[in-house]
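According to TrEMBL, the features are:
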type    : residues                                       : note
DOMAIN  : 24-128                                         : domain 'RecBCD enzyme subunit RecD N-terminal'
BINDING : G189, G190, P191, G192, T193, G194, K195, T196 : ATP binding site
DOMAIN  : 543-589                                        : domain 'UvrD-like helicase C-terminal'
Amino acid sequence: MTAPAMAELRVAHGVTGILHTFNEAGVLNLADVHTAHRITRLGGDESEPVQLALALTVRALRLGSVCIDLNTVGDTAAADGEDPVDITALPWPQPEQWRAACDHSPLVARGTDAPPGRPLRLANDLLYLDRYWHEEDRIRRELRQRAATDPPVDLPRLRSSLDRLFPDADRQRHAAAVSALRAVSVLAGGPGTGKTTTIARLLAVLHDQPGDPPRIALAAPTGKAAARLQEAVQQVTATLTDADRAGITDLHASTLHRLLGRRPGTRTGFRHDRTNRLPYDVVVVDETSMVPLTLMARLLEAVRPDARLILVGDPDQLASVEAGAVLGDLVHAHGTPDLRLESHLREVGAVPAGAEPTINGVVVLDRTWRFGGAIAELARHIRAGDADQVIDVLRRAPDGIEFVDTGTLADRRPTGLDGLRADILSTSRVLTDAARRGDVDAALYGLDTHRLLCAHRRGPYGVSRWTTEIETWLATDPRPSEEDSEWYPGRPLIVTANDYDLGLYNGDTGVVVRDGGGVRAAFARGGAPVLVPPSRLSDVQTVYAMTIHRGQGSQFHRVSLILPPAESPLLTRELLYTAITRARSHVRILGTEDAVRAAVQRPITRASGLRHTLTTAIGGPA
Ligand SMILES: Nc1ncnc2c1ncn2[C@@H]1O[C@H](COP(=O)(O)OP(=O)(O)OP(=O)(O)O)[C@@H](O)[C@H]1O
């Protein structure tokens, strides 16, 4: 299709006025425009400011925000698709008049106490689709209730198990104690800061409390992340004494959807809800940054009010694809110290020297134990938004970091790709050799040797172009080729849609391996890998390159990263941070200094009311 024809498709027919203007400029898409057009017509208020407010609220959800702030949306609306859009020339309503128009509209419920029934709600100066305001409110109420009741704890026993399992009075001990003492706690930290180690030992601590052994659930938003969590927890528990290990050896992790029991057609879409709570006493959720608002609401409803919920994750990573950034909101919310908690922490010797009081049950681990120092250093400078320091590290190129200043990768024959090509070819050889031998473990290990990550899906910097490029490299690799079939041993796969029957989830990766006379597709799981006949796989693609979003929840030994130009709206601090922290030992950035600087200097702001209203919800008794 030609470019003008594509553009035609993006413009809604029969829609005029301000919606048309914003649609034509590329700020609103067809769905935003049609939804706003239809609802305002049905609701009896087709005034342009209200139409635009509704369309932008729908758009905000599509881009990850839960609501919009009419005062700032004109400045923050730019970050959208892969192409830059100049929004400054658009006819933005004047904020006060805009707000007044919304305030008087029959489509808008005003304030937090107005009954439901209108499509929009203006609460605390933020405009929501009413349904999302209720989701946010449910989270607030659940957190408030849980903050009001502490789980029963035998403090002397807690102290002695902390002494044994966390002998140093450091952050990890502090985090474990907070999670033991509160119904909801947050364990935040970057990769390799010891979150899983802390969780595994904490489970032994909880197991050591008097009474029946706790029923424990481990979960994560994706299958891959759940598999990693299970494996990591099992590795740590294997290092504990027999007594501490007893009762926590056979833990399995599942996806959050599986934990809640997917049940389409019911009110919440899940088997477990307010009326049928999960049976667990302790629920640990890893990679919480990827949990969207609606799923968090479902989780909080389903966890028993007297259970412990421990949310683990890295708030500096990209947030969920769907709307909401609950982990970030929790970590950054203000609050007042909980004096009872502080006194209990002192009693069990879990206040690190110089530590600030705990706010909202959040503990941030900041010491990196695993990484080669250079990746951790780079991640720290990105997080701090210090572009000069980031460039300095890239130019120094310490062990583990490589920066290929590519000029433009849009060229038909870009230079500087030798290292990338060598990594691709050697990974493919390792994978193919293992797969041909039928060595599933080695093939799955090889799958994570190297991955190319892109910010874009399409275009010169996108996954599709680079996949084609890589296929050309592999086709000319002198390695003797074997089967030409679609399911050749060594073919790396990514699942592109959930398959609940097979237990495979969107984003899971696997590899085709020889199995007797035929082949199977192998996917890593915490315990034994899942082996599936290829004929049963309907939604898979070959994966040499993937978007950074898809790489979330995974780590690779080596990562190469294709950066788009500085003007790309997708290029953000969280994107760069997430990409480089996918690497365990080596990261190669292909792009320009301008692109790196642009990313570091552009943090994502997701509009949400939680951050500012959690304070009163979960600050605990002061
Ligand atoms: N207190 C500690 N003392 C020594 N080594 C530690 C300590 N805590 C963690 N480690 C080591 O650091 C490494 C990373 O720990 P862990 O896997 O728990 O981190 P993580 O934050 O869960 O990482 P990721 O987010 O990447 O899964 C592991 O090899 C672990 O053994």
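Just so you know, glycine gets a Cβ as well, placed from its N, Cα and C.
All TrEMBL annotations are machine predictions without curation.
Closeness to ligand 1 is met by P191, T193, K195, T196, these being the binding-site residues among G190, P191, T193, K195, T196 whose Cβ falls under 6 Å from the molecule. Computed over the domain 'RecBCD enzyme subunit RecD N-terminal' (24-128), the whole-number mean pLDDT of the model equals 86. Taking Cβ-Cβ distances under 8 Å and a sequence gap of 6 or more within the same chain, the neighbours of G190 (ATP binding site) are D314, D316, D366, T368, A376, A379, R383, T581. Comparing the binding-site residues T193, T196 by how many other C-beta atoms lie within 10 angstroms of each C-beta, the top residue is T193.
When the domain 'RecBCD enzyme subunit RecD N-terminal' (24-128) is classified with DSSP, helix, strand and coil residues number 43 helix, 12 strand, 50 coil. Residues in the domain 'UvrD-like helicase C-terminal' (543-589) partition by DSSP class (helix H, G, I; strand E, B; coil) as 12 helix, 17 strand, 18 coil. Cβ neighbours of G194 (ATP binding site) (same chain, under 8 Å, six or more residues apart in sequence): Q172, L365, R367, W369. In three-state terms derived from DSSP, P191 (ATP binding site) belongs to neither a helical nor a strand segment and is classed as coil.
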